[in-house]
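Accompanying notes for the structure given below.
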């Protein structure tokens, strides 16, 4: 791994990033420092990109069972610009609004990207949360049936965004569990 050119972030850029994200100045500067350490040699941070492997190997994501989906949802063309990284950190910050967190959670959990969280997606979510490919079929069916019976308001065996949003709004733990401190900031 190389290192980006050590350009100081311009004050105007810092103010703009702070206005456009839910991050504090210190968090932005901490993310900037980490990004500089990871990005290719000789590049200015605004032109540099990180690979999905670099981002998914960060300590906070390395242990997350959804790291590949998180990276896919937040990256552009499978690479991360500094602004992509800021956007991801902003959504997972404590200060991000519930509606934004719900929108991104839905996109992350929609594995087949069909615009719904269907049985295929629910099975993948459960398997990843259990960290097992050998969960019993009965357990998978029980969990999927429970989720759908609680959240599938139109009984079509899948969750639309509005159904998912309704379910997450009722979940007291959602806001606390949909947080990641990426940079040790």
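Note: Cβ is positioned from N, Cα and C throughout, glycine not excepted.
Lifted from Swiss-Prot, the feature list:
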| type | residues | note |
| --- | --- | --- |
| DOMAIN | 62-95 | domain 'EF-hand 1' |
| DOMAIN | 97-132 | domain 'EF-hand 2' |
| BINDING | 110, 112, 114, 121 | Ca(2+) binding site |
| DOMAIN | 138-174 | domain 'EF-hand 3' |
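Annotated features, which come from Swiss-Prot, shown on the structure.
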residue : record              : Cβ neighbours (10 Å)
110     : Ca(2+) binding site : 20
112     : Ca(2+) binding site : 11
114     : Ca(2+) binding site : 11
121     : Ca(2+) binding site : 20
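Summarised by DSSP class, the composition of the domain 'EF-hand 1' (62-95) is 19 helix, 4 strand, 11 coil.
Note on the domain 'EF-hand 2' (97-132): its mean pLDDT in the predicted model is 94. Using the Cβ center of 110, 112, 114, 121 for Ca(2+), the list of other same-chain residues with Cβ within 8 Å runs, in sequence order, 109, 111, 113, 115, 116, 117, 118, 120. A coil conformation is recorded for residue 114 (Ca(2+) binding site) in the three-state DSSP classification, outside any helix or strand.
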